[in-house]
Amino acid sequence: MARYIFITGGVVSSLGKGLASAALGALLQARGYKVRLRKLDPYLNLDPGTMSPYQHGEVFVTDDGAETDLDLGHYERFTGRPATRADNITTGRIYQDILTKERRGDYLGATIQVVPHVTNAIKEFIVDSNDAYDFVLVEIGGTVGDIEGLPFFEAIRQIKNDLPRGDVIYIHLTLLPYIPSAGELKTKPTQHSVKELRSIGIQPDILLCRTDRSIPKEERRKLGLFCNVRESAVIEARDADSIYAVPEAYHAAGLDEEVLAAFGIASKGEPGLDRWTVINERIRNPEGEVTIAIVGKYTGMKDAYKSLIEALSHGGIANKVKVNIDWIESEVFENEDPAPFLEHVNGILVPGGFGQRGAEGKIEAARFARERNVPYFGICFGMQMAVIEAARNLAGIADANSTEFGPTKEPLVGLMTEWLRGNQLEKRSNAGDLGGTMRLGAYPAALKRGSRVSQIYGDVLEISERHRHRYEVNTAYKDRLEQHGLRFSGLSPDGVLPEIVEYEGHPWFIGVQFHPELKSRPFEPHPLFASFIEAAMAQSRLV
């Protein structure tokens, strides 16, 4: 039977509960345990799919097509276990399910209340389908005291009494601020946070204390005394230069040992952290550097590109180099020459996005990369803009554009239900590749034998990658574009959907309709990112 670890946060938001959960999951996994990580989000949205990147950051897409919180990306990257739609739930989803049942009459006329109906639904989600795991780590979004989080805290309070004694522990992540004028760390915010937690019936077993310096013994003693935890359960979570240093740092601080002790489990030797040691050695001692320009629409909110940043880092780890990122707002290139911004970079990456804003700037970035032989990686929207650039400037299709931006005579890119066959509007069925207006989750792609991308993947002819897009490149223009060197080297197995394009004769120019960053791991870098950074190294004359 699975044991449950609930991770809560206090004092301030953005302390890194997701990272702490992922690092602890990696430590338990390194000890031979099977772990599952889940996230409870208290917001009323059904999922983050329609939320602004500036509000929420990245939408992480799972193999089964769920649009989830970016913390699930941390879970996957640290444990290697693919997340599913069953690993993330929101208040909105809980209420939708309850109200659907109420309309059907499932509650037999009962008055629907937060307790017990909402809390029971949360508990059912938490304990569902966990028999195959030794530990289930459950992160509660937000901080203690947030009004929208109260049903979740009540549910995890109840669940300790529902399950056998000793099967549940609580870890509280908190902040120990340093006050320079006083010359000391302050424990009072943590004491008040724990007091708030205890007022709703939850006594933390372990305090995970974010700090920028070592915690003195006297402060540890004070936290243990006033927060009612053992002094050994006050764990120091020092700021780290790299997130991939966190598992080893938490182990050195004794977190995994303390978790096992809280469950009454005897520790059997040291966890196998060799792969983390290798990763951190490469991060700390790179053999060179490359600079990659990310030409995007949401560069003011770096979390909107969280998986992308990490995947570039993984490419650097694979090639033993440090990857520096130049953030460039794509709208800049609509009024200015891109050369001063891009001449010094070793690679250009144009990521996904929605809407017309900044699109022409991304097209200019693709043109610069093509003309100057700079490695170019276009992802989703970035591939579409590269195709439009080729159509306009190589194939002579001056009006080439995307129907996402309005009506156009030359729809190089269109909504996946808009394609014309002859003069007739073609409607796709839900059973086909183009069901609905959003293509979500893992789909296969057939690679052209002998293509660069096939070689990058290890000479395979079929791959599976995750998608999140409404618009697609129009295959009606395929032959005209290929005549000018833009090769369609990957298609859906039925040949309907373009998945990958590449230029023949260019050092490295690849566009993909999918999101490879979602499947990259520090210990298993995605081959496209490893190859892209390798090409950037060649461009910088490092190799």
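Every residue, even glycine, has its Cβ placed from backbone N, Cα and C.
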Quick check: of GLU334, GLU336, GLU404, which does Swiss-Prot put in the same L-glutamine site as TYR54, GLY353, PHE381, GLY382, MET383, GLN384, ARG470? GLU404
Matching residue for the ATP site, where Swiss-Prot names SER14, LEU15, GLY16, LYS17, GLY18, LEU19, ARG238, ASP239, ALA240 - out of ASP69, ASP71, ASP87, ASP303: ASP71
Within 10 Å of the Cβ of THR190 (UTP binding site), how many other Cβ atoms are there? 26
Number of Cβ atoms other than its own within 10 Å, given for GLN384 (L-glutamine binding site): 31
Cα distance (Å, whole number) from SER14 (ATP binding site) to LYS188 (UTP binding site): 19
How big is the Cα-to-Cα gap, in Å, between SER14 (ATP binding site) and THR190 (UTP binding site)? 15
Euclidean distance between Cα atoms of TYR54 (L-glutamine binding site) and GLN191 (UTP binding site), Å: 32
